[in-house]
Amino acid sequence: MNIMESNDVEDGLYTEDGTVDIKKQPANKLKTGGWKACRFILGNECCERLAYYGMSTNLVNYLQTRFNQGNTTAATNVTTWSGTCYITPILGAFLADSYLGRYWTIATFSTIYVVGMVLLTFSATIPGIKPACDANGCHPTSAETAACFVGLYLIALGTGGIKPCVSSFGADQFDDNDETERLRKSSFFNWFYFSINIGSLIASSALVWIQTNVGWGWGFGVPAVAMMIAIIFFFIGSRWYRLQRPGGSTITRICQVIVAACRKSRLKVPDDSSLLYEIEDAEANIRGRTKMPHTHELKFLDKAAIERESDHTKDCANPWKLCTVTQVEELKALIHLLPIWASLIAFATVYSQMSTMFVLQGNTMDQQVGPHFKMPSASLSIFDTLSIIFWAPVYDSIIVPIVRKFTGHRQGFTQLQRVGIGLVISIISMIVAGILEVVRLHMVRKYNLYDAQTVPISIFYQVPQYFLIGAAEVFTNIGQMEFFYGQAPDAMRSLCSALQLTTNALGSYASSLILIIVTKITTSNGSIGWVPDNLNRGHLDYYFWLLSVLSLINFFVYLWLAKRYTYKKGT
């Protein structure tokens, strides 16, 4: 940066967080970033989520009707695929932080996403790829099944480059060194989640109805078009974006610290931390990233920053022998996040029931609304979305100002307090779902409806459990999104956003694993189990009670961890 540019930064014309514009010039505060850039990011996210939920919300029913999969198989396939959608962000985050940057990672993986959506649409419309159906049901071949799942897993790969980057990319539009912009960033996460659920609202209402009443071809075709619109929206905003430059491989830097510390395992860490190796200027040895202050936890890792003459080659430090304090502190920050991260997997397990067990429960209930309309069970997720659309602005504009008067915290609750409240609400949602199932099974026994397709209980009795899940999301999902972004080192923000998303992956996998174990144990000795194909003869309520107990145990573990967590300075 030349002298003129340095003076401009001092005068407040340019950002101070190292961001650049699309032309790789220092980002001008007046011309880039802020809400003028975020409107395109929010529009992109709304369309992308419409595409995702429009395809995934009713997927369990699609696999049942077109591919003859039973309750357990369809639910396991959906949760496994959903889990993969939240594992692939690790790849996207690595590429974004290390090489491509968030902007080009989103652009590249969006293309893969569209290809997957188009293939899935073809598998529901084109003869030879679409399963043949007659009065006796559908008869999928192995090739047709493969085409469907290739499309699904291309979508899983595509979403892996979008999920970890788009929220961080939106947050990048606000300069942390500007107090006004930093406060707006907190509101961005609320409105970001709000835009997600506008897309989800359309998906769980209009698109599920199209899939159920018009056909799967149109039901998947509309989400494919929505994804194309999302890409267009994203590129239109390019001139207003602020871009964080990729800082090199985060994985490599982590490995360098571990290797260097192990090489010096016999050395003693000096009491004076100023003796540890650090570069002299204001930035870390990574472009556009500020230095991190030394902390006294995990002192073994500090050995990587003990400087010896042999650590230098031709006046340059060998990064596999000597690391900066900032590099060491990056790894420490990541390690400190891991216990909180692990304690959020149970919430994701509860959340995954909305697209599996809640839908299967709804299939057995009275879906009739008036004389001519049936409410598809998957469409009940609209009440989860409406709950979020209601609670997100209420939280930001009403709850935060009220709570702020009592706590003195500028955001009302701390990030971890906000997450904890959501965990409690999620436990209540499982209890409510279990109570409804007890009532439903009582009706089955009372009127001998064991072999009936539906039980005369309105599907709208499911609304409270969906509404509670939505409220829990506003607290937990938005809270952890802000937490992982805010507590992440500058060079690891996409990676830490991906780490947050992997809780959803592991939650989905945990749901699949719990279901498999429950089925294996409860079907021993010739029993039909808790979750048979005919739920009227099973005990889905026991499954909900199990999840409630596991979630309660996890909540107490979370409380213990949250009380001991130390926030990064300035957050």
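Every residue gets a Cβ built from N, Cα and C, even glycine.
Automated prediction, rather than curation, is the source of TrEMBL annotations.
Some features that TrEMBL has for this protein:
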- 103-122: transmembrane segment (TRANSMEM)
- 191-210: transmembrane segment (TRANSMEM)
- 216-236: transmembrane segment (TRANSMEM)
- 340-360: transmembrane segment (TRANSMEM)
- 380-398: transmembrane segment (TRANSMEM)
- 419-439: transmembrane segment (TRANSMEM)
- 459-478: transmembrane segment (TRANSMEM)
- 499-522: transmembrane segment (TRANSMEM)
- 542-561: transmembrane segment (TRANSMEM)
Candidate ranges 103-122, 191-210, 340-360, 419-439, 542-561 - greatest C-beta contact count to the transmembrane segment (499-522) (under 8 angstroms): 340-360
Residue numbers, six or more beyond the limits of the transmembrane segment (542-561), whose CB comes under 8 Å of its CB atoms: 339-340, 343-347, 349-350, 353, 357, 419-420, 423-424, 426-427, 430-431, 433-434, 437, 514-515, 518, 530-531
Among the ranges 103-122, 191-210, 340-360, 380-398, 419-439, the one whose Cβ pairs under 8 Å to the transmembrane segment (459-478) are most numerous: 380-398
Sequence-remote partners of the transmembrane segment (419-439) [C-beta within less than 8 Å, at least six residues beyond its ends]: 344, 346-347, 350-351, 353, 357-358, 361, 413, 457, 461-462, 464-465, 468-469, 471-477, 479-480, 483, 540-541, 544-545, 547-548, 551-552, 554-555, 558-559, 562
Recorded stretch that, among 103-122, 340-360, 380-398, has the most CB pairs under 8 Å to the transmembrane segment (191-210): 380-398
